[in-house]
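Now, the feature entries from TrEMBL:
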BINDING   V13, Q14, G15, R28, T75  substrate binding site
BINDING   C32, C38, C45  [4Fe-4S] cluster binding site
BINDING   T47  Mg(2+) binding site
BINDING   G77, S118, P119, K120  S-adenosyl-L-methionine binding site
DOMAIN    19-200  domain 'Radical SAM core'
Amino acid sequence: MKKYLISEIFYSVQGEGARTGHPSIFIRFSGCLTKFACAKMGVECDTNFESSVERTAEEILNILSEINCKELVLTGGEPLDQLDDELIHILKENGYFICIETSGIHPIPLGIDYVAVSPKIAEHVLAKKIGDTRVDEVRYVLHKNSSLPNPSIDSNLYFLSPHFRGNYPDPEAINHCMDLALKNPKWKVSLQTHKLINVL
């Protein structure tokens, strides 16, 4: 039986985007194929995803069954480096609502209920990987001097997240994101509240 490299499984609330505040079980997958691309682009990963434990789908399900919640957030690292039809099928068969947070490096598989893309790759690569799939939300983390993103994929919602310094948002980045959103109303500002409450 296949084993998945899992950094952690924990119960908390969603901290960003349209589903902020939703109680969710987070499954953090280890590893990320985009980490080298991020380094080249000067993007620092804010999550420790290198440590891991090998778990089968059945072992993952046993852990989930101990928590009174049916909403999952598959995150990483990059969950789509490992996620497959077998695990999706087992989770859906057991009544779970599956949200995924991805960089967009892989096509979106069938069976995912909510897709949030936080691009870590060039837009032309993103367009090639995601194709015509319409995602639920895209989120871009912006510094104080970042330009307004020009997404290459279709989404129901578009979010700008101010860059954090440690556990606190950069005030200049907040003002910049607010200014961009006010001038471009399809964009919404989303603070990464999980960092404020120290849930990474």
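The first residue you see is number 1, and the count goes up from there.
Glycine too: its Cβ is placed from the backbone N, Cα and C atoms.
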What is the biggest Cα to Cα gap, in Å, among G77, S118, P119, K120, the residues listed as binding S-adenosyl-L-methionine?
-> 13
Neighbouring CB atoms within 10 angstroms of the CB of V13 (substrate binding site), all protein chains considered, total 15
Distance [Cα-Cα, Å, rounded] between G15 (substrate binding site) and C32 ([4Fe-4S] cluster binding site) = 21
Counting distance between Cα atoms, which of the binding-site residues V13, Q14, T75, G77, K120 is nearest C32 ([4Fe-4S] cluster binding site)?
-> G77
